[in-house]
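Take a look at the structure below.
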Amino acid sequence: MATLGTGMRCLKSCVFVLNIICLLCSLVLIGAGAYVEVKFSQYGDNLHKVWQAAPIAIIVVGVIILIVSFLGCCGAIKENVCMLYMYAFFLVVLLIAELAAAIVAVVYKDRIDSEIDALMTGALDKPTKEITEFMNLIQSSFHCCGAKGPDDYRGNVPASCKEENLTYTEGCVSVFGAFLKRNLVIVACVAFGVCFFQLLSIVIACCLGRQIKEYENV
């Protein structure tokens, strides 16, 4: 096989560098997924079950990107055409999945308030020890009261709705919903950022694979 030219060595270096970036992004995704998982679990099993799939999916995607990025690094270092094309194929599949997930996350954020409202209204209508602890934690953490306001308690406002004898006036649906939306947007932005680097990696990996194949036939 002939020696790769300067341009192809640059492509090889680009593939390697982009994969290192994707690898770091995958670690960020795994960390973000773990953080969201822990955060959601702090607010009780009722909330955790509703959004449990989201952080787990983020962690799984992060692990897959980690493995695929490693494959890309090996393909670039070894100048292996088969590994580079496999790497590009897996990246295309991941790219489509991530774009779909990011779009769904952005669209889904408009439904958060209605789902939180249904969850909290149902919790206040049929209070149990677990649900009461869940509401108390939300109220004390986010300085809110009830689903839509302190009137939800019909005059029997719990201590978690107060601070120095002042009752929180905002409902938890709007306050907690805004918290979830912010985190959802952050996750979507990270996903779009990862997709950008993956798209570059796909193009450069295919170019490198084609050029290596041409050099092998010289």
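We number each residue from 1, going along the chain as drawn.
Cβ from N, Cα, C; glycine included.
Residues or ranges marked as N-linked glycosylation site in Swiss-Prot: Asn165. Residues annotated as topological domain 'Cytoplasmic' in Swiss-Prot: 1-12, 72-82, 206-218. Per Swiss-Prot, topological domain 'Extracellular' is recorded for 37-55, 109-183, and the stated evidence type is sequence analysis. Summarising the annotation, Swiss-Prot assigns transmembrane segment to 13-36, 56-71, 83-108, 184-205.
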If you run through the topological domain 'Cytoplasmic' (72-82) with DSSP, how many residues end up as helix, strand and coil?
9 helix, 0 strand, 2 coil
Report, as numbers and ranges, every residue of the chain located at least six residues beyond the transmembrane segment (56-71) whose Cβ falls under 8 Å of a Cβ in that stretch; write 'none' if there are none.
19-20, 22-23, 25-30, 32-34, 36-37, 83, 86-87, 90-91, 94, 97-98, 101, 187, 194, 198
Would you mind pulling the DSSP three-state label for the residue listed as 'N-linked glycosylation site'?
coil
Should anything in the same chain at least six residues away from the topological domain 'Cytoplasmic' (72-82) have a Cβ under 8 Å from its Cβ atoms, list it; otherwise answer none.
4, 12, 15-16, 18-20, 22-23, 91, 201, 205, 208-209, 212-213, 216
Residues in the topological domain 'Extracellular' (109-183) grouped by DSSP into helix, strand and remaining coil:
50 helix, 4 strand, 21 coil
